[in-house]
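A short write-up of the structure that comes next.
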């Protein structure tokens, strides 16, 4: 047993990038103050590979000036936030873009035992035992429900049926499909569920979940669509309910709220993102991990500073907003998240954002002049609502989700009034409290018996 683990460790060392080893093998990064999601109204976490801006181009982004949680030296993987792609955690089975069947290709042919052994070793190498940050697993090659594997993912269905056909010559075509679906979903569940179970057990203070879950399937497909409501695709709730095993193992949920450029400045953007968040919040309220102390699972949507597949930053549309009362792209994403009661957002981006000094300067200027001040104000407003409405023992969420009322866009009649009573009335009218662990009551004013919380 010891020899086999040693062999796995040697193999892992040869596979990990040299930079990753030099930074993590001797000892993982020391963590700054982690994103304590359980008693802060709203956190913003940086999950963008921008270390080269400072390291190579001497461009400082100054994220901490705006209260943005980041890893030490802005490393992409660290003790405050880490994301594991398909080839960075265990032996995930998938079909490559060139058709290779990696680690068995389909979940049924994957080696779960060796996968979990490798995950165990990788956790020791990459994350400190006290890891309390955002932990995200990003497996996008296949989805755990058979019917959701369409388009390019149909290959997983084809290979699953082929496997059954080869082993069970006595079955009809319909029976082959039914058995293939059953075997695929059972194996997919085992890989996802057992991986989550292991990482939560080994790093129990982390906030673990899969990127892109829960899904909503409400993509806005046309630039002009008068009928678009933003509601999740029919049957989505029932499908997500079938994934109760996944939510029961997750200690955080990470839906995607990336914004396509065709929705710039459009109220359809708010509709799309609102219903994705509402579905995630519904799931979070129904299924909770055993470590949660009966607290709803934190929801931290993944957002981008730029429109999907571009380097074009989200627009504030400032002049138009002031003249016409329109909300901004940032309000549609980050603001909507805070106002609906999400625990925070994770900001993601590709290597392209740090590809050159000029691009780093553009990113820095956008942070300093647009998104940084927006985040700072948004977090301050979320904190103010928590203080005034929830006695600092909970976070605020809209009373009526579709009202559009925003923490970061307090009406002029309130924002020009410096008295606490004016803002308190606004918050009481339009928001409610979601209590932190150990607190209860309409305004989270009562400590729960046996909670262990200090008295206020």
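Using the three backbone atoms N, Cα and C, a Cβ is placed for every residue, glycine included.
So that you can see what the record holds, here are the features copied from TrEMBL:
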type: ACT_SITE; residues: 140; note: active site, proton donor
type: DISULFID; residues: 53-360; note: disulfide bond
type: DISULFID; residues: 216-232; note: disulfide bond
type: DISULFID; residues: 385-396; note: disulfide bond
type: DISULFID; residues: 390-433; note: disulfide bond
type: DISULFID; residues: 435-444; note: disulfide bond
type: SIGNAL; residues: 1-22; note: signal peptide
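Known features from TrEMBL, placed on the structure.
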| residue | record | contacts (Cβ under 8 Å, 6+ apart) |
| --- | --- | --- |
| 53 | disulfide bond | 59, 60, 61, 74, 354, 360, 363, 364 |
| 140 | active site, proton donor | 86, 211, 212 |
| 216 | disulfide bond | 232, 233, 236, 255, 275, 276, 279 |
| 385 | disulfide bond | 41, 395, 396, 407, 427, 431 |
| 390 | disulfide bond | 396, 433, 434, 435, 443, 444 |
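In the three-state DSSP classification, residue 53 (disulfide bond) falls within a helix.
Under the three-state DSSP scheme, residue 396 (disulfide bond) falls in the strand class. Under DSSP, residue 390 (disulfide bond) is assigned to a helix (H, G or I) in the three-state scheme. The candidate set comprises the disulfide-bonded residues 360, 396, 433, 435. Of these, 396 has the most other Cβ atoms within 10 Å.
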